[in-house]
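Each remark here refers to the structure printed beneath this line.
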Amino acid sequence: MARQVIPDPSRAPVSFAAATVTAPDRGWDLLLVCVAGYIATAVGRIHQLLPTFVAAVLAIGVYIVHQTGPRRIERLRAPTTTYVMALLLWVALSVPGALYPGLAFDLLTGIFIKTVVLYLLIVGSVRGFRDVERLAFAYFAVTALYAAIVLTRFKLGSGDDWRLGSLYYYDTNDFATYAVTAMPIGVYFAFGRHPLAQRLVSALSLALLSISFINSGSRGGFLAIVAVALYILLGYKTIPARWRILGTAVIAAIFVATASDRYWSQMRTIVIGDEDYNRTSETGRWHIWRRGIGYMLQHPVLGVGAYNFQFAEGTISPLAKRQAYGIGVRWNAAHNSFIQIGAELGLPGLFFFVAVIATAFAALRSVVRSHPGEPVKSRGPPQLGQALTGSLIGFVVGAFFLSLAYHEMAYAVLGLAVALRKVTLGPRPTRFSTAVRRPIW
C-alpha cells in the first residue's frame, strides 16, 4: 500500500514573520511591577534617594511561581543569555587564581550575580511588546528622577567646582553614560505615538536629563551623546525626520543655553588636549590602558581576577616597585570596560563580553527588520528596537572610557533588547526540521 509523507506541523520551519507573537496585551501584573521596581532600585538607585523596598527577592519568587507561556524558563534561551551566563562562569573561575581572591569573590557574590539575575528577570518576565515598553519606560523614568534629584541637591560652584562631584552611588562620569543610555528611550516616548501626557512628561524629562548631563562635565559622556545624536539623525528611521531633527535641535539648544565656557573648554581638550593629563601622566588613561593590555597578555586565560584591576596597578604594575622606596603609587581603575574585562578575566572573558554586546545588537536588528512594511508613524517593536539600539550605542561609547563591565545599567539595556526580540519573534526556530512518516490506510 502506498505511503504518503505527512509533514508534522510542530516540526515545520518557523519563519520570522510567522513567529511574530501577537498575543493580546494583558496589562501590568505583580511580576512586571516587581521587575520594574528592581530596575528602579538596581539601576535608578531610588532606594538610596527615597525610602522604598528592594523588589529583587519578591520578583524572583513570583517569576519562579509564574512558569507559564512566555514566562517559561526555556524562553530565556538566546545567544546573549548564553554569553552572559558564560561571563558569569568566567568571573567565578577567576576567583581562586585572582591576585586578591577576596575582591573577586565579593564582586561575584555581592554584585555580578545580582546583575545577571536582573538581566534574567527582565527577559523572563515580559509576556508581550507592551510589557517591554513598560519596563523601558520604567528605566527612563527612574533615570529622569535621579537627574531631577541631582539637580536639586547638588549645586555647582566656581573654579574646580564647575561640574558635579560625588553623587549617590554613581560618580559623575558614570552618571553621564547612564543618562545617555536613557535618552533614546525618552525620544521614543516623547516623539512616538503615545498618550499626550506621557509625551509631555517624557519631553520634560529629556530636558532634565540634558541639563544634568551638562553639569556632569564628562568628556566620555560627551562623545557618547554625540554618537547617539548622529544615530538618531541618520539611523533612527522609525521616527519621521522632522521630529528627529526637532528633538536633536532642542537638546542642542539646551546645551548652548546652559553649558558654561568652562564646559566647552573641557570638551575642546578631546581634540586639542596634547597637554591633557590623560595623555601625558603615568596615571592618565593612555598609560593605564597600555598597562591593562599588558596584564591581559601576561594572564591571558583567567586574567588577574575579577575586580582586581586596581589591585594589579598597586602590586604588579611597573610603577608598583616604587613603593619599596616610600613613593606612593595610585591604584587606578581601568577607565575602559573592554580593557577592564580583558585584564581581569583574560581573553575568553573579553570574548564573552564583546559577544554579549554583539548578539544584543543582532537581536535588535532582527526586530527592526521583522516589520519592513510598517508605517513610520506606527508604534511597535521596530520603533522601540531602534531606541534600544541607540541606548546600546551610548553605553558602548561611554564604556570605552569607564569601568562599567559589570554595571547594572549595561545588563538592564541588554535585557530589554533580548526581551524585545523574545516577544517580537517568538522562540528561535530550529535549524533543521524533519517530517513524520505516517501510513494512509
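Placement of Cβ uses the backbone N, Cα and C atoms for every residue, glycine included.
Noted in TrEMBL for the protein shown:
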type: DOMAIN; residues: 205-354; note: domain 'O-antigen ligase-related'
type: TRANSMEM; residues: 46-64; note: transmembrane segment
type: TRANSMEM; residues: 76-93; note: transmembrane segment
type: TRANSMEM; residues: 99-123; note: transmembrane segment
type: TRANSMEM; residues: 135-155; note: transmembrane segment
type: TRANSMEM; residues: 175-191; note: transmembrane segment
type: TRANSMEM; residues: 220-236; note: transmembrane segment
type: TRANSMEM; residues: 243-260; note: transmembrane segment
type: TRANSMEM; residues: 345-364; note: transmembrane segment
type: TRANSMEM; residues: 384-406; note: transmembrane segment
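Confidence across the domain 'O-antigen ligase-related' (205-354), taken as the mean pLDDT and rounded to a whole number, stands at 88. Away from its own ends, the transmembrane segment (175-191) comes close to residues 43, 136-137, 139-140, 143-144, 146-147, 150, 164, 167, 198-199, 202-203, 205-206, 209-210, 212-213, 216, 218, 220-222, 224-225, 228, 231-232, 236, 239, 243-244, 246-247, 251, 383-384, 386-392, 394-395, 397-399, 402, 404, 409, 413 of its chain (Cβ-Cβ under 8 Å, at least six residues beyond either end). Between the transmembrane segment (345-364) and the transmembrane segment (76-93) there are 3 or more Cβ pairs closer than 8 Å, counting only residues 6 or more apart in sequence, so the two stretches are in contact. With helix defined as DSSP H, G or I and strand as E or B, the domain 'O-antigen ligase-related' (205-354) counts 107 helix, 0 strand, 43 coil. Through the fold, the transmembrane segment (220-236) approaches residues 173, 176-177, 179-180, 183-184, 187, 213, 244-245, 247-248, 251, 267, 270, 386-387, 389-390, 393-395, 397-398, 400-402 of its own chain, all at least 6 residues removed from its boundaries and within a Cβ separation under 8 Å. Residues 32, 35-36, 39-40, 43-46, 49, 122, 125-126, 164-165, 167-168, 175, 178-179, 181-182, 185-186, 188-189, 198, 202, 205-206, 208-209, 211-213, 215, 384, 387-388, 412-413, 416, 419 of the same chain, all 6+ positions outside the transmembrane segment (135-155), place their C-beta atoms under 8 angstroms from a C-beta of that stretch.
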